[in-house]
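Features as listed in Swiss-Prot:
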type	residues	note
TRANSMEM	4-24	transmembrane segment
TRANSMEM	34-54	transmembrane segment
DOMAIN	217-244	domain 'PLD phosphodiesterase 1'
ACT_SITE	H222	active site
ACT_SITE	K224	active site
ACT_SITE	D229	active site
DOMAIN	395-422	domain 'PLD phosphodiesterase 2'
ACT_SITE	H400	active site
ACT_SITE	K402	active site
ACT_SITE	D407	active site
Amino acid sequence: MGLLAYLLVILLILNVFFAAVTVFLERRDTSATWAWLLVLTFVPIFGFIIYLIFGRKLSGKKIFDWKGQEKIGIQESTANQIEMIRQKEFPFSDPNVKKHRDLIYLLLVNDGAILTQDNEVELFVDGHEKFDALIADIEKAKDHIHLIYYIFHSDELGNRLMRVLERKAAEGLNVKIIYDAMGSRTTKKSFFRTFQKNGGLVRPFFPSKLPLINFRLNYRNHRKLAIIDGDVGYIGGFNIGDEYLGASKKFGYWRDTHLRVHGKAVYAMQTRFIMDWNSASSTHKIDYKARYFPTFHGKGHTSMQIVSSGPDSEWQQIKNGYIKMINAAKKTIYLQSPYFIPDASLLEAIKIAALSGVDVRVMIPNKPDHAFVYRATTNYAGELMETGAKIFIYDNGFIHAKTLVVDGEIASVGTANMDFRSFRLNFEVNAFIYEKQMVQKLEDAFLEDILKSYQLTPELYAKRSLWIKFKEAVSRLLSPIL
């Protein structure tokens, strides 16, 4: 037996060993375990390399480091709210908010997501309007600007925003940017050079520590937050790039959902940014200071919670919030997501609602952002139709919104898609909203989108080719690790 054969045997033994590690040592969902076993078994050696890059869980040390930075300045307020709601003494602003105290309590206990009731919220469904408003707020900034985006492209929109940030940094403002190392992988470091020379600070999230190899590649910071002077915050689905203004020939018009918030909910966005910055940066750590949490004299009436989730937690807070909302539905469930790949618990919750007579409507894109993932989406949509749920295909460009509206009373908007990746692997952030007027605006936007969609009927779905059916089956089988 030659040297090459010996090496091959060793690699195959290692492959079997890591397959065993996947099954017996790492705590993970059963469906994900079986998906990785398939990869390791049927793609030996290369499957092992893929597993090293995409399959390993964050170590206990990394998780501990994250948790050591959590809840800056809000621990006492969280504990007080939990106790007041438990004792039924919390001063809810209106009956609709009080009606959903169980959901509020769940998110408080799971994530420390404080309920704030004095927020003014503006809804954006168009990228031009969102970025015009964001840049106008940045232009008016007096003290600091904090941005975190999964994608920050160096194209026309990226340069337009960067010129403003460079100028504000040169004026002496505290300006910090976090971008995801994977999401913004095509953006060169030189793009930020003038910004940094002017005093701005920028950090990639989970960058590669080795050339061409990043063992944390699978854990992405998918959050999109902007905080200006601790006074105004933005949260939603728009990244920074020309395609989000509808400039992509592939996608055309880009339909997304974003919120501008003025009120105490901005405190939670600020806290989230501080935690992410202190994890991404080994220097220039941010301490809790009053400048980052100014006194509000709110005139708004929107009650909301800012909820974060990620692989640093075992609870999947946003998904649990979705399930609680769906279980509470009596009349309608309106759901939008570019990727609809629910795990068993979420899928069962939606099915039960549909079978109980709730009007369930799910909206997905008419074209793939990621072709392989899209086939899993259509497969799950087809299964859901069997329960009486209605599936709508958005046909006016690309739908990227991550929105859930229930009974016209509660809603969630943010960065989390309805898929395994958002619930288990990505760092996400969503707003959970309890004010009927704001929820009605989100419901109206959904119904307007239906006018630009066509319904996927069982008859239409049955006409897909054998090749499409095969791709759906394979994509669904591997969906827990996509």
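Every residue, even glycine, has its Cβ placed from backbone N, Cα and C.
Where Swiss-Prot records a feature, it is marked here on the structure.
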residue : record      : DSSP (3 states)
H222    : active site : coil
D229    : active site : coil
H400    : active site : coil
D407    : active site : coil
Return the residues near D407 (active site) by Cβ distance under 8 Å, restricted to its own chain and a separation of at least 6 in sequence.
A328, A329, K330, K331, T332
For K224 (active site), just count the other CB atoms lying within 10 A of its CB, please.
23
Can you check which residues sit near D229 (active site), meaning Cβ under 8 Å from its Cβ, same chain, 6 or more apart in sequence, and list them in order?
A141, K142, D143, H144, I145, P294
Including all protein chains shown, what's the count of other C-beta atoms within 10 A of the C-beta of H400 (active site)?
25
Do me a favour and check the Cα-Cα span between K224 (active site) and K402 (active site); whole Å is fine.
12
Report the same-chain neighbours of H222 (active site): residues 6+ apart in sequence with Cβ closer than 8 Å to its Cβ, ordered by sequence.
Y150, D180, G183, T415, A416, S422, N426, F427, E428
Taking the Cβ of K402 (active site) as the reference point, list residues of the same chain whose Cβ is under 8 angstroms away and which are at least six residues distant in sequence.
G237, T257, Q336, S337, P338, V413, G414, T415, A416, N417, M418, S422, N430
What is the pLDDT of the domain 'PLD phosphodiesterase 1' (217-244) when averaged and given as a whole number?
95
